[in-house]
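As recorded in TrEMBL:
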DOMAIN    2-130  domain 'EamA'
TRANSMEM  30-50  transmembrane segment
TRANSMEM  62-81  transmembrane segment
TRANSMEM  87-106  transmembrane segment
TRANSMEM  163-181  transmembrane segment
DOMAIN    164-293  domain 'EamA'
TRANSMEM  187-210  transmembrane segment
TRANSMEM  248-267  transmembrane segment
TRANSMEM  274-293  transmembrane segment
Amino acid sequence: MGAALALLSSLLWGTGDFLGGTLSRRAHPVAVIRISQGLAAAALVVIVVLTGEAGRTGAIPWGIAAAVLGSLGLGSFYAALAAGTMGVVAPVAATGVVIPVVVGLVQGDSPSPLQMGGIVVAIVGVVLASGPERRATLAEDVAEAATEADAAAVPTTASRRPLVLAGIAALGFGSALSLVAEGSESSVAMTLLVMRVATTVGCTLLLLTVLRAAPRPRRRDLPVLAAISATDAGANGTFAIASTLGQVSVSAVLASLYPAVTALLAWRIHHESLRRIQVVGVVATLGGVALIAGG
């Protein structure tokens, strides 16, 4: 049951990322995040009240910490996308799954040899499915920069900055998953509510200060925003429950297969081409899931 819920969370996250990325082409990502997280927070308030979990204050620090690190990861992720290419950013950011895996193992998780093999295969598959080879994309970035200035004037930090930002995103995403899992031991609903409220407040402050001129979503975008909110909240909820039912190391890997889902949706709906290495990554990801489930 835990594995099925974790896998469902990856499907929901992948769908939400696809919708959010599509909407962010005409509205600032922070504005999209604020509204979608705000809608999720409103729904979670009702759930917390109806379930009587408002008194589970032990989840509050975990939710706040998850919001801070998750927002840092998301902000770094979008900054990396602006500074580099998806082929460099997404594979590096996807490796954040290593953090909850290591945390789970340190806390006593003991996956079977078959599951350990599946974890390794799935992580490799996520990296491959998220984008093309890093070496090729880095060469393209440097070549593009060289056409705009003398080759000797191209700073070496130009190609490293997206990688550094993507690394920060990986740390933020991976740490947030671990914190959500910890907070869920006290209360799933309260952890998610606090996380959503803190994220909404943070995004609102940014939009009122440094991002006052940022384009906002329009009224006609509300259905898409609601869908983003529902998929994100559903993904976090199913992962949080999965982490309490099974081993965190296994649940984290299954929940982190979302880049493959996003890539497949982009291929199917936006007709974006999948490179051969991405197809290999999708197949490897599915193979890793089979090994984990079979273990």
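Glycine residues also receive a Cβ, built from the backbone N, Cα and C atoms like all the rest.
Heads up, TrEMBL stuff is auto-annotated, nobody curated it.
Looking just at the domain 'EamA' (164-293), the mean pLDDT is 85. Residues of the same chain lying 6 or more positions beyond the ends of the transmembrane segment (62-81) and with a Cβ under 8 Å from any Cβ of it are 24, 29-30, 33, 88-89, 93, 96, 161-163, 165-166, 168-173, 175-176, 179-180, 182-183, 186, 190-199, 202-203. Across 30-50, 163-181, 274-293, the stretch most heavily in contact with the transmembrane segment (187-210), judged by Cβ pairs under 8 Å, is 30-50. Ranked by number of Cβ pairs under 8 Å to the transmembrane segment (274-293), the listed stretches 30-50, 163-181, 248-267 are led by 248-267. Using a cut-off of 8 Å between Cβ atoms, the transmembrane segment (163-181) and the transmembrane segment (248-267) share at least three residue pairs, counting only pairs 6 or more apart in sequence.
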